[in-house]
Amino acid sequence: MNTVKTLRELRAAVAQARAEGKQIGFVPTMGNLHAGHASLVQIAAQRADFVVASIFVNPLQFGAGEDLDKYPRTLAADQERLLAAGCHLLFHPDAAEMYPHGMGDQTRVTVPGVSEGLCGASRPGHFEGVATVVTKLFNMVQPDLAVFGEKDYQQLAVIRALVQDLNMPIQIIGAPTQRAEDGLALSSRNGYLSAEQRAVAPALYRSLQSIAEALHHGARDYARLIETAQTQQREAGFTPDYLEIRNALNLRPAQLDDRHLVVLTAAHLGSTRLIDNLLVELAGQ
């Protein structure tokens, strides 16, 4: 696996792979990689001949008071994990390479609708930053396919809308959430948890499971289900941010006759904000 830092080197390497008739797969990341990221690379390697990953901690998607400066940088360990997962090329630019004219006058990409509410309400400007950097990376790499985790479900919906609306010839693949044995969704931010917090963190997923189980048993009072689950979260030590039941296909608020649902939540455990979601497929009427 080669590591390149400039757009010029990246394009030369991708052009060489294209000249050899290879399909290009792409996995964008911010580094501090775990088994969830590795699964994305493995899926890309199964679907494409040449896998490009990127590591770039994107300042545009961090709001005021968020954890940009303390976000872990673990390049050597990340390189080992990427290589083992089947990555062929790592693009590791700095901010000057990504935003050569600075970020103040940078063209921004906004995806209305799916980027609003949920994490979009809690983190103003976050999805604009995500959409902008992903658009730039897609133009830099020009992949045939790209893999994103379902763990960041709203982000995946934003990327799907972006690619569709801007007519990008890129297949977007959603990868299942990877979890620890106790159910906690793998996340780089889990490293911020104390031992005591880590022990109670799986309660976030259990609150989603309780809603899913009730839905499968015919419950349709969404407001009551949400209230009960948020009480569970508080009793476990969380401060809930949001918990909502949405249509899994378009992220609109769920209607009573919707069959494809997703339950999404964000909550703080101490100073660490965790997110999770659970897809719920209901049998037809």
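The backbone N, Cα and C atoms fix where each Cβ goes, and this holds for glycine too.
The secondary structure of HIS37 (active site, proton donor), as reduced to three states from DSSP, is helical. For HIS37, the entry in Swiss-Prot reads active site, proton donor, with the evidence type sequence analysis.
A coil conformation is recorded for LEU186 (ATP binding site) in the three-state DSSP classification, outside any helix or strand. Marked as ATP binding site by Swiss-Prot on the basis of sequence analysis: 30-37, 149-152, 186-189.
The annotation (R)-pantoate binding site is assigned in Swiss-Prot to GLN61, GLN155 on the grounds of sequence analysis. Long-range Cβ proximity for GLN155 ((R)-pantoate binding site), meaning a same-chain Cβ under 8 A and a gap of 6 or more residues, is found for CYS119, PHE127, VAL130, PHE148. According to DSSP, GLN155 ((R)-pantoate binding site) sits within a helical segment.
Non-local neighbourhood of GLN61 ((R)-pantoate binding site): GLY125, HIS126, PHE127, GLU128, GLY129, VAL130, VAL133, each in the same chain, at least six residues away, with C-beta under 8 Å from its C-beta. The secondary structure of GLN61 ((R)-pantoate binding site), as reduced to three states from DSSP, is helical. Residues annotated as beta-alanine binding site in Swiss-Prot: GLN61.
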Cβ atoms near ASN32 (ATP binding site) (within 10 Å, other residues, all chains): 19
